[in-house]
Every structure is written in structure tokens, then in C-alpha cells.
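These notes concern the structure reproduced below.
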Amino acid sequence: MRTEYCGQLRLSHVGQQVTLCGWVNRRRDLGSLIFIDMRDREGIVQVFFDPDRADALKLASELRNEFCIQVTGTVRARDEKNVNADMATGEIEVLASDLTIINRADSLPLDSNHVNTEEARLKYRYLDLRRPEMAQRLKTRAKITSLVRRFMDDHGFLDIETPMLTKATPEGARDYLVPSRVHKGKFYALPQSPQLFKQLLMMSGFDRYYQIVKCFRDEDLRADRQPEFTQIDVETSFMTAPQVREVMEALVRHLWQEVKGVDLGDFPIMTFAEAERRYGSDKPDLRNPMELVDVADLLKSVEFAVFAGPANDPKGRVAALRVPGGASLSRKQIDDYGNFIKIYGAKGLAYIKVTERAKGLEGINSPVAKFLNAEIVEAILDRTAAQDGDMIFFGADNKKVVADALGALRLKVGKDLNLTDEAKWAPLWVIDFPMFEDDGEGGLTAMHHPFTSPKDLTAAELKAAPENAVANAYDMVINGYEVGGGSVRIHSGDMQQTVFGILGINEQEQREKFGFLLDALKYGTPPHAGLAFGLDRLTMLLTGTDNIRDVIAFPKTTAAACLMTEAPSFANPAALAELGIDVVKKAENN
């Protein structure tokens with residue numbers, strides 16, 4: 001039906017007769033002439049109808065936005081004064097000789113100026129996806145997956161599919177369950193990841209595996225989370241953690257080079273402990289120059305319990321955050337920041353405004369100045385490298401609250417004061433995570449997942465002091481987003497059972513949930529390691545949007561609903577009966 005795409009016409013096509021298929025993006029009726037911007041997947045081109053082709057001109061008068069049409073015409077160069085530098089096709093236009101209206105469009109539920117609520121965009125997603133910026137994002141996503149496949153093929157990885165209907169295993173979030181008709185009362189789980197299957201593939205001798213795969217997690221959603229999401233899943237045998245990171249870093253550098261024309265360079269490596277200490281986060285945004293600085297040793301003897309208490313507590317921390325130029329912040333702005341950090345458990349926000357450093361105590365403005373002598377103030381200013389016009393914020397509490405609160409404040413202030421270099425790319429690896437973290441109920445939970453290997457520990461050493469164990473795990477972070485994470489896996493049955501035991505999984509439960517894995521570990525399991533990237537998040541970064549729903553064709557809302565299809569929906573009672581399921585209705589309040 002077509003000979004060319006609208007968005008691909010250039011000066012090289014001048015004089016050629018072309019047939020185009022697409023939609024009316026905009027129509028301008030000048031009486032004797034009608035112009036339309038005609039759109040398809042590749043872009044927009046201007047088409048005009050003149051009186052010399054009366055039939056086509058008459059039919060063109062009926063055109064409205066989003067009519068689906070076919071146009072045949074001749075490509076012409078625009079007059080120099082009419083060239084549109086903002087359009088890829090802006091040097092040419094098409095003089096139409098024939099027009100076919102393939103399908104008309106009703107009045108549109110979306111605003112033609114594209115000022116629409118997200119609810120409307122999701123309900124009429126098929127119209128929203130016609131917008132050039134949305135089409136471009138999905139084309140970029142397709143390019144990314146194509147580049148990934150070629151790279152992985154070139155590096156000896158095999159694309160192997162793993163099951164969608166599998167067994168529920170504890171991986172940190174709730175499972176989506178699928179009832180079995182054949183085995184009434186039993187359920188499959190949709191996979192949160194192919195974790196165990198890819199490990200079993202390594203035990204099967206496939207050496208290098210990858211898969212671009214859907215995963216499912218029934219969890220409370222945030223702006224950058226979806227109940228179903230896509231992973232670039234990778235596993236290798238006989239490779240160390242640095243070797244895995246080297247290959248995966250090469251993949252990501254390749255993507256940025258091909259999609260953005262950007263050389264990311266070598267990725268720095270930072271331990272979890274250093275990231276938390278310097279940036280208050282295990283996914284630091286290195287485009288932001290501000291760092292947290294420990295000052296507890298300077299404040300142990302001050303007569304101000306807010307500082308002295310945490311400074312003398314082994315589990316406490318007092319840290320400072322210097323904000324370049326922050327002395328210009330108003331009292332209201334400071335109060336707003338104080339309220340902001342309360343979200344993260346902080347009780348308040350102490351600060352020092354540095355107006356004239358050379359004057360010592362007289363050169364600062366601070367509500368806590370009365371508790372500090374000149375020597376302490378000078379030491380704080382030295383350690384934070386404060387200059388005239390700077391602001392120093394303080395966090396004083398337990399270590400987690402200080403890291404969370406000042407880490408979040410660092411990001412917010414960086415954006416508010418334009419201190420974060422938005423034009424920069426800042427990738428890094430974060431390694432050496434704690435193996436376990438407190439579950440809040442006196443026990444331990446795996447920081448990554450229970451199949452992660454500890455670093456340089458025997459099973460006996462791990463069992464003796466699990467709270468001090470470091471995991472052989474690594475995350476890739478770009479501009480403050482965790483885009484991928486992985487680890488060296490446990491390849492010893494004894495070690496795996498030890499980890500299960502530390503997590504409070506007794507032997508009976510181990511057999512019930514992981515018997516197949518424990519059995520497989522008995523038969524010559526190779527050392528193996530892997531990683532998974534979030535394709536949605538990678539695409540989000542590479543397309544420059546901050547909304548993950550912009551890079552998924554048919555996403556869910558934050559309530560895990562599809563507004564277009566109205567999923568989830570009630571099931572047919574007959575289908576439920578066949579599955580042996582009764583739906584219990586909530587009692588209405590009297």
C-alpha cells in the first residue's frame with residue numbers, strides 16, 4: 001500500500017512519485033490550498049492539495065485529525081523561506097495527486113495539543129502511542145533489545161527460555177498466583193525472576209545464558225515500578241565477579257554508544273559502605289557533587305544532646321552536608337527541608353550558614369551556634385571545606401536515619417539549586433553489600449536473595465557471625481538509578497543450607513520449597529555468577545524520560561490496573577467453579 005514512510009522522505013526523493021500511508025496529524029485549510037501534516041511510525045511530512053487536482057482537494061476538505069489515509073503524490077523541495085528546520089522532513093513536501101480515506105476518526109478523547117492527564121493517556125493508550133515522542137521511545141526500546149541480542153550472541157551467550165508457570169519461592173515480594181484446574185487447590189506462581197532456573201541451566205552445563213524476559217511482582221508500586229516488568233537476565237559459569245562485571249559493563253557502554261553516541265568510559269567501583277558513608281545511598285547519583293562528611297568526633301563533648309547523644313553512641317552518627325551557595329536559602333526553604341527529612345525518620349534539621357568564614361563564630365548564622373565554641377566551628381568548616389556563602393546541614397541520629405535523611409536531602413537540594421549536572425552520565429559499580437539485614441523482628445533477611453554467595457567465608461564462619469558477612473554481590477548504578485544487580489551464587493549444598501538456616505527456613509521447609517535445588521547442588525555444580533538488568537529502566541534513561549510508563553507499550557497504573565482493558569476484572573463464576581475457587585465477599589459495614 002505504500003512506497004515510502006512519511007518520516008523518511010528527504011531531498012534525495014525530490015521528483016519521485018510516492019505513496020504514503022498514515023494519519024492526519026494536523027490540517028490547515030487556506031481555501032484554495034489545504035495542507036496536512038501526515039504522520040506514520042517514522043515521523044511527519046507536509047502534504048498539500050491544490051486546485052489543479054480538484055478531486056483530491058475536495059476530498060481533503062473532509063479530513064480531520066487522526067483520519068487514516070493513503071496519499072499518492074510527488075516530492076518537491078520547499079522554497080528556502082518555507083524550510084522548517086524543526087522537522088526532519090522540513091526541506092521537502094509532497095504535492096498530492098490522489099487521496100484515499102481509509103478510515104475516519106470520531107471526536108478524539110485526547111486533546112490534540114497533547115495536554116492530557118495520565119489517566120486519559122492510559123485509557124486511550126492506542127491513541128497516546130501515536131504521538132511521535134511515544135513512538136520514538138518504543139522504537140528506541142526495540143533498538144536496545146536488538147543491540148543486546150547481537151552483543152550477547154557475539155559473546156557466546158545462549159538465549160534460553162525458562163518457565164512462566166512455576167513454583168512459589170520466597171524472593172522478597174508477593175507472588176502472582178495462577179490456580180491449577182487439573183490439580184485443584186494447587187497454584188502456580190508467575191516468576192519474580194528466572195533466578196533458580198538460570199542457576200539450574202549452569203548446573204546443566206550451558207555456561208553462558210541470557211534471556212529478555214517478563215517478571216512479575218505483586219508489591220506496592222512506586223513511580224518507577226510495574227507489577228510486570230522486563231529483565232535482561234544473564235548467568236555465567238566459571239567466571240569471577242570482576243569478569244562478569246567487565247562483560248556487562250561492555251554491554252552497557254555499547255548501548256550508550258549506539259543509542260546516544262556517548263562513551264561512558266570505565267565505571268568506577270565503590271563499596272556499599274563507602275556509598276552509604278559519602279552519599280547516604282547504595283545507588284549514589286555522582287552527578288551531584290555534594291557529599292556527607294562525618295563530624296561525630298568533633299561533637300562528642302558539646303552540651304547539646306541532639307549532637308552529643310549520637311556522637312557517643314556506637315550505633316549513632318553525626319554527619320554534615322555542605323551546600324555550595326546554600327547560605328542564600330530562606331528561612332521558609334530551610335523549614336521545608338526540615339519537614340522533608342522527617343519523612344525519613346529525622347527529627348529536625350540543624351544548620352550553619354557561612355557568611356564570612358574568616359570571622360569564625362561571628363561569621364556564621366546558626367540556631368545551634370550557642371552550643372559550639374570557635375574551635376569546633378573552625379574544625380567543622382575545615383572538614384567540610386566550607387566557603388563564604390555556603391550552608392552546612394547536619395544529621396544526627398542512628399546511622400540508617402542519618403544516611404536516609406541526608407542522602408535524600410542531598411538529592412533534593414542538588415535538583416532545587418541546580419547543583420546536579422543533568423547533562424552528565426555518571427555510572428558506577430557498587431559492591432560488597434551486607435549479606436543480611438535486620439528484618440525488624442529480631443531475625444535476618446537476605447539483602448539480595450538467599451542464593452547469593454558470601455565473600456571469602458566458609459559455611460562455618462558464616463554461621464558463626466552472619467551479621468558481619470559481606471555478600472559477593474554487585475549493582476550497576478547510573479545517575480542514581482540501579483539499572484542492574486547480580487552476584488556470585490552459592491554452588492555448595494552445605495553453604496546453601498547454612499544460608500537457609502540463618503534466614504529461619506527449617507529443614508522441612510527447605511525440602512518443600514527448594515528440594516530440587518538442593519538435589520541439583522549434589523551433582524558437580526560449577527561456580528556461577530550472573531546479573532539482571534531492568535530493561536524498562538535502561539530504556540527510561542536512554543530516552544530521557546523520568547516515567548517508566550513512557551517506555552512500556554501498555555503499562556499498569558500504580559494500583560496495578562490497566563485502565564484500557566479494565567484489568568483486573570471479575571472472573572466468570574463457571575470458570576471459578578471449574579478451578580474449585582470460591583470468592584469470599586467482604587462483609588459490608590452496618
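Cβ from N, Cα, C; glycine included.
Per Swiss-Prot, these features apply:
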- GLU171, ARG217, HIS448, ARG489: L-aspartate binding site (BINDING)
- ARG217, ASP218, GLU219, GLN226, GLU482, GLY534, LEU535, ASP536, ARG537: ATP binding site (BINDING)
- 195-198: region 'Aspartate' (REGION)
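Counting residues of the region 'Aspartate' (195-198) by DSSP class, helix then strand then coil, yields 4 helix, 0 strand, 0 coil.
You'll find the Cα of GLU219 (ATP binding site) roughly 16 Å from the Cα of HIS448 (L-aspartate binding site). When the Cα atoms are compared, ARG217 (L-aspartate binding site) and ARG537 (ATP binding site) turn out to be 16 Å apart.
The record assigns ARG217, ASP218, GLU219, GLN226, GLU482, GLY534, LEU535, ASP536, ARG537 to the ATP site; their largest pairwise CA distance measures 20 Å. Close to LEU535 (ATP binding site) in the fold, though at least 6 residues off in sequence, lie ARG141, ILE144, THR145, ILE212, PHE229, THR230, GLN231, ILE232, each with a CB less than 8 Å from its CB. Between the CA atoms of HIS448 (L-aspartate binding site) and GLU482 (ATP binding site) there is a gap of 13 Å. Rounded to a whole number, the C-alpha distance linking ARG489 (L-aspartate binding site) with GLU482 (ATP binding site) is 20 angstrom. Fewest Cβ neighbours within 10 Å among the binding-site residues GLU219, GLU482: this applies to GLU219. Averaged over the region 'Aspartate' (195-198), the predicted model reaches a pLDDT of 97. With a 10 A radius on its CB, ARG537 (ATP binding site) counts 20 other CB atoms from all the protein chains. Around HIS448 (L-aspartate binding site), a 10 Å sphere centred on its CB holds 20 further CB atoms from the protein chains shown.
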